[in-house]
Amino acid sequence: MSQNKPDTERPAPDRCDAVIIGAGQAGVPLAQALTDSGRQVVLIEAEHVGGTCVNEGCTPTKTMIASARVAHLARRSDEYGVQDGQVQVDFAAVQARKDSVVEQFRSGSRDGLEQAGVELVMGRARFIGPHTVQATLPDGSRRAFEAPLVFINTGARPTWPNLPGLRDVGAVDSTGLLALRELPEHLLILGGGYIGLEFGQAFARFGSRVTVIERGERLASHEDPDVAAALTDVLCDEGVAVLCGREVVWTRRSDSGVDVLVRDPQGEQILSGSHLLVATGRTPNTDDLGLDVAGVDVDERGHVRVDDDLRTNVEGVYALGDVKGGPAFTHVAYDDFRIVRDALLHGQRRSWHNRLIPYTVFTDPQLARVGLDEMQAREQGLRVRVYTLPMSKVARAIETGETSGLMKAVVDDETDQILGATVLGAEGGETLSVLQVAMQGNLTASDLRDGVFSHPTWTESLNNLFMGTPVLHTPKSAADERPGTG
Ligand SMILES: Cc1cc2nc3c(=O)[nH]c(=O)nc-3n(C[C@H](O)[C@H](O)[C@H](O)COP(=O)(O)OP(=O)(O)OC[C@H]3O[C@@H](n4cnc5c(N)ncnc54)[C@H](O)[C@@H]3O)c2cc1C
Ligand SMILES: NC(=O)c1ccc[n+]([C@@H]2O[C@H](COP(=O)([O-])OP(=O)(O)OC[C@H]3O[C@@H](n4cnc5c(N)ncnc54)[C@H](O)[C@@H]3O)[C@@H](O)[C@H]2O)c1
């Protein structure tokens with residue numbers, strides 16, 4: 001059916017209190033909360049309840065990464081004095097385990113909506129007016145809904161660079177990779193960001209040869225150079241080939257699968273692989289949403305523009321989660337839901353601008369960060385102490401045989417407040433959360449140095465982190481010096 005049908009052929013809209021577009025990490029809990037408050041809510045979802053996180057993001061990837069870690073530990077079992085014979089990965093079983101966890105999460109979300117009494121409409125939504133949304137259902141029929149409140153939670157999709165041949169060589173994005181039934185013999189990965197790093201290591205552990213091709217000068221370019229280098233070393237030690245500073249010029253089909261021409265200042269090289277993963281970022285799902293009809297503003301990258309309260313420029317229309325730009329994580333989308341819920345249902349306003357947002361890349365060791373890192377503190381010309389502790393000095397790490405990585409903390413030299421922290425370590429996301437809670441509670445570096453934590457936990461190592469000799473950065477010179485020597 002054409003999207004441009006004359007108005008006369010459009011169904012008359014059903015009236016309700018709120019329409020939510022997208023059953024993602026914000027849309028589902030918001031639908032439940034609004035329904036619980038007595039409002040009549042219609043939630044329109046194009047594909048599957050739970051959105052990216054549950055269906056093709058966090059849940060499936062972390063489930064597969066858990067399998068990859070078991071394979072890795074099994075291969076290292078000798079180091080622990082355990083003889084385990086030849087390690088074999090049954091990729092079909094790995095996928096089946098992942099599929100069953102995804103199904104469990106997805107049906108849990110669906111049941112929750114049903115129990116709350118939310119009207120779930122499976123269909124693709126589009127604005128046909130500022131407060132009128134039309135859903136095209138799988139059978140091609142249409143329903144329209146009109147409400148004073150409309151919430152956009154349509155998330156994002158993988159970005160495919162405009163490279164010659166890319167669409168014809170059977171390349172897959174993160175969603176396609178999750179659906180593969182065969183283990184790639186040689187997986188080429190375009191992009192060394194979150195997805196490239198997590199999948200790169202996991203597939204290497206499953207037994208694929210893996211080559212990561214990154215345009216930037218190094219992996220994890222948003223992190224401090226020592227952290228990025230330590231993570232790169234881990235991947236390389238596990239056999240992942242990392243090629244940075246490379247532009248892909250074209251791709252073509254080959255007998256073995258796919259050829260990729262990469263270029264750097266030194267010259268050109270053809271890389272051949274069996275599979276190609278495109279992991280070069282994500283694009284907001286706003287281009288086919290009729291935002292122009294509704295009059296909703298987007299920025300130059302297509303993200304919906306919102307104010308402090310997540311309101312768009314159109315009265316009563318809000319945007320939550322990845323679709324509004326900024327850090328694209330499940331915990332951010334969920335907090336967007338809380339901000340909107342608290343403002344609308346409890347009269348409590350909270351801006352999304354000042355919240356502390358951590359993240360964890362689920363490589364092994366995990367790379368977790370919150371707040372400022374050393375590079376940012378120096379760029380801002382702050383007077384800070386930077387504490388660093390290699391994991392090889394952490395009792396828990398030595399005992400468990402997981403000594404790769406390091407932890408760092410940036411501390412205001414005057415107030416002793418922790419301004420940010422990075423943990424590259426086994427269960428780094430958990431250790432980082434302790435540092436985050438300390439920041440939220442305004443605990444100082446000295447408080448953590450002197451805190452009594454169970455021995456031997458990862459958290460206990462925070463005593464040692466803050467007992468070390470820090471590097472001091474000063475606003476004037478921004479040069480490294482030891483306290484008392486500058
Ligand atoms: C491979 C991968 C791994 C990830 N791992 C992590 C992780 O470990 N931790 C983390 O915090 N984040 C992770 N993320 C990011 C996380 O998945 C997203 O930040 C999160 O899902 C965003 O939630 P959201 O509510 O904004 O949108 P989404 O969860 O993307 O939901 C949007 C929903 O809107 C629907 N939709 C879109 N257009 C329409 C339309 N026109 N009509 C109706 N419905 C529509 C979509 O079908 C989808 O269900 C990962 C992402 C990927 C791709
Ligand atoms: N653990 C997590 O929280 C997690 C895991 C996976 C994904 N995510 C979310 O999903 C988003 C998307 O992940 P992603 O890895 O696709 O994006 P990303 O932005 O993290 O990384 C993309 C990488 O691709 C590189 N790149 C871009 N174009 C390229 C090209 N033509 N050739 C070579 N390299 C190129 C970029 O320099 C960058 O390093 C993340 O930003 C994050 O928000 C989160």
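Note that Cβ sites are derived from N, Cα and C of the backbone, with glycine treated the same way.
Note: TrEMBL annotation is automatic and uncurated.
Per TrEMBL, these features apply:
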type: DOMAIN; residues: 17-335; note: domain 'FAD/NAD(P)-binding'
type: DISULFID; residues: Cys53-Cys58; note: disulfide bond
type: BINDING; residues: Lys62, Asp322; note: FAD binding site
type: BINDING; residues: Gly191, Gly192, Gly193, Tyr194, Ile195, Gly196, Leu197, Glu198, Glu214, Gly281; note: NAD(+) binding site
type: DOMAIN; residues: 357-464; note: domain 'Pyridine nucleotide-disulphide oxidoreductase dimerisation'
type: ACT_SITE; residues: His455; note: active site, proton acceptor
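With a cut-off of 6 Å between Cβ and the nearest atom of ligand 2, the recorded positions Cys53, Gly193, Glu214 reduce to Gly193, Glu214. Cβ contacts within 10 Å of Glu214 (NAD(+) binding site), excluding its own Cβ and spanning all protein chains shown: 24. Least crowded of the binding-site residues (Gly191, Gly193), judged by neighbouring Cβ atoms within 10 Å of its own Cβ: Gly193. Here the C-alpha separation of Lys62 (FAD binding site) and Cys53 (disulfide bond) works out to 10 Å. Residues from the recorded positions list (Cys53, Cys58, Gly193, Ile195, Leu197) with a C-beta closer than 6 Å to any atom of ligand 1: Cys53, Cys58, Ile195.
For the recorded positions shown (Lys62, His455), fewest C-beta neighbours within 10 angstroms: His455. Taking the C-alpha positions, the distance from Ile195 (NAD(+) binding site) to the residue listed as 'active site, proton acceptor' comes to 34 Å. Among the binding-site residues listed (Gly191, Leu197, Glu214), Leu197 has its Cα nearest to the Cα of the residue listed as 'active site, proton acceptor'.
Look at the domain 'Pyridine nucleotide-disulphide oxidoreductase dimerisation' (357-464): DSSP puts its residues at 38 helix, 33 strand, 37 coil.
Surrounding the centroid of the Cβ atoms of Gly191, Gly192, Gly193, Tyr194, Ile195, Gly196, Leu197, Glu198, Glu214, Gly281, where the record places NAD(+), the chain contributes additional residues within 8 Å, namely Ile189, Phe199, Gly200, Val212, Leu219, Ala279, Thr280.
Residue pairs drawn from Gly191, Gly192, Gly193, Tyr194, Ile195, Gly196, Leu197, Glu198, Glu214, Gly281, the listed NAD(+) binders, are separated by up to 14 Å at the Cα level. Around the Cβ of Cys53 (disulfide bond), the number of neighbouring Cβ atoms within 10 Å comes to 23.
Around Ile195 (NAD(+) binding site), taking its Cβ as the centre, 23 other Cβ atoms fall within 10 Å, counting all chains.
The Cβ neighbour count for Cys58 (disulfide bond), using a 10 Å radius and every protein chain shown, is 18. In sequence order, Val212, Leu219, Ala220, Leu231, Leu235, Val361, Thr363, Leu367 are the residues near Leu197 (NAD(+) binding site), counting only same-chain partners six or more apart with C-beta under 8 A. In the three-state DSSP classification, Gly193 (NAD(+) binding site) falls within coil.
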